[in-house]
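*Asks:* These came from TrEMBL, pasted as-is:
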- Cys63, Cys66, Cys89, Cys92: Zn(2+) binding site (BINDING)
Amino acid sequence: MSRRYPRSDRKHIAMERILILFSQAESFFQWDPEYSHHCVRQARLIAMKERIRIPPELRRRYCRKCNSYLVPGRTGTIRIYRGRVIITCLSCGWHRRFPISRSKNINGKEKASESRIS
């Protein structure tokens, strides 16, 4: 029988593999976009199997519906509309919306814009 790794080691190895797959998807996109989509699918399968979250900065780089790797202008568009960032997949037309966060000062109140002149 093969030796099983402890759960924490498996999660660490899986996260490393996910990061490697996303970097491969980025570097191979211009030569073989289909391979990039395959890397994203594999990264998602690893994350689901080990029940770990894909980091937020990587989550915005793929379409959840068709698993395609999103490159602005080629496979996806990024727009800012009414205080939200809208990412659209050009393969399937799926939209993803993220609110634009406002900066806050130490007291928790909204920080005034520096560009305003009093």
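Including glycine, each Cβ sits where the backbone N, Cα and C put it.
Each of these features: where is it, how hidden is it, and who are its neighbours?
*Replies:* Secondary structure at Cys89 (Zn(2+) binding site), as computed by DSSP, is strand. Taking the Cβ of Cys89 (Zn(2+) binding site) as centre and 10 Å as the limit, one finds 20 other Cβ atoms among all the protein chains shown.
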*Asks:* Select one residue from Cys63, Cys66, Cys92: among these binding-site residues, choose the one with the most other Cβ atoms within 10 Å of its Cβ.
*Replies:* Cys63
